[in-house]
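Engineer: I'd like to ask you about the structure that follows.
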Amino acid sequence: MHTKTFLRMALKYIDIGANLTDSMYRGCYGSSTKHPADLDIVLERAWQNGLQKIIITSGCIKDVDESLELAAKDDRLYTTVGAHPTRCGEFLSDPAKYYNDLRSRIKANPEKVIAVGECGLDYDRLHFCAKETQLEYFEKQLCLAEEFQLPLFLHMRNAHEDFMKILERNREKLETCGGGVVHSFTGTLAEAKSLLDFGGLYIGLNGCSLKTKENLEVAQQLPNERIMLETDCPWCGIRPTHAGHQHVTTKFPTVKKKEKWTKDTLIDGRSEPCQISQVLEVIAGIKQQPKEQLAEIYYQNTLDLFFKSSK
């Protein structure tokens, strides 16, 4: 076994945010099919590269049902249950029914549902869902977290002030559910400090969190005991144009054209859980700390929030 491969496999990871129900893993891009469905291959590549568990991100009822179907096939797969801020409009036709549909999925799948979310606020994409709707149904979903004592998988884009107001107003609920993680963080250092000062919250980092020089300066100053790793795949890969790319040492063979797909290559522009190693390498590079040490800390952070009974 090559030394590089051995080191890659020796590190343990949990991807806290993987959009495995995305049509790209069925070979579909837009309205056309470019290659065979390959999620089984993507997952096998993940397990071979140190992934111990993957949390599938769900942002609506359709996602939840597909995620639960996937998670039932592998004891290393888990899911969130919630409505993404851009999908909160789905509540409107029958709010009570939609809420109860989310609730019923959580209640029926206690071994697989490990967080409420993806929920939060996204003011960058108000064309998908109005601010007032996002505010109402983000706060409503905190009741699910409290009822089932599940941590939160949180989304926040350009909405920090309103986001924090809702958290402060519901502090008791967050204490009951055990806190949460603000995933795919791209905010300022002041925003990060505000989240961390609140208590019980972690920050999830992926390629989008490490894209610019400013992003790297923020990530470098985050305390290790409050960081978790994610890919947000098939999005948020680390591109050669990103500021963090200089620290990437693990390379995967890729093909630029989707039509040239093979089972042994990644699709350029479509990220996979196996690339979580690159996220770790960037963080280790900017912090100038051993990636082996950081991997252990971030792995334990994730166990502490989502898998309290795991060792």
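For all residues, glycine too, the Cβ spot is worked out from N, Cα and C.
Heads up, here are the entries from TrEMBL:
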BINDING   E118, D232  divalent metal cation 1 binding site
BINDING   H155, H183  divalent metal cation 2 binding site
Engineer: Could you measure between H183 (divalent metal cation 2 binding site) and E118 (divalent metal cation 1 binding site) for me? Cα positions, answer in whole angstrom.
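Structural biologist: Distance (Cα to Cα, whole Å): 9 Å.
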Engineer: Radius 10 Å, atoms counted are CB only; among the binding-site residues E118, D232, which position scores highest?
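Structural biologist: In terms of Cβ crowding, the pick is E118.
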Engineer: Once near-sequence residues are set aside, which residues in the chain of H155 (divalent metal cation 2 binding site), 6 or more away, have Cβ atoms under 8 Å from its Cβ?
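Structural biologist: When sequence neighbours closer than 6 are ignored, H155 (divalent metal cation 2 binding site) has H84, P85, G117, E118, C119, G120, L121, D122, V182, H183, S184 within Cβ distance under 8 Å.
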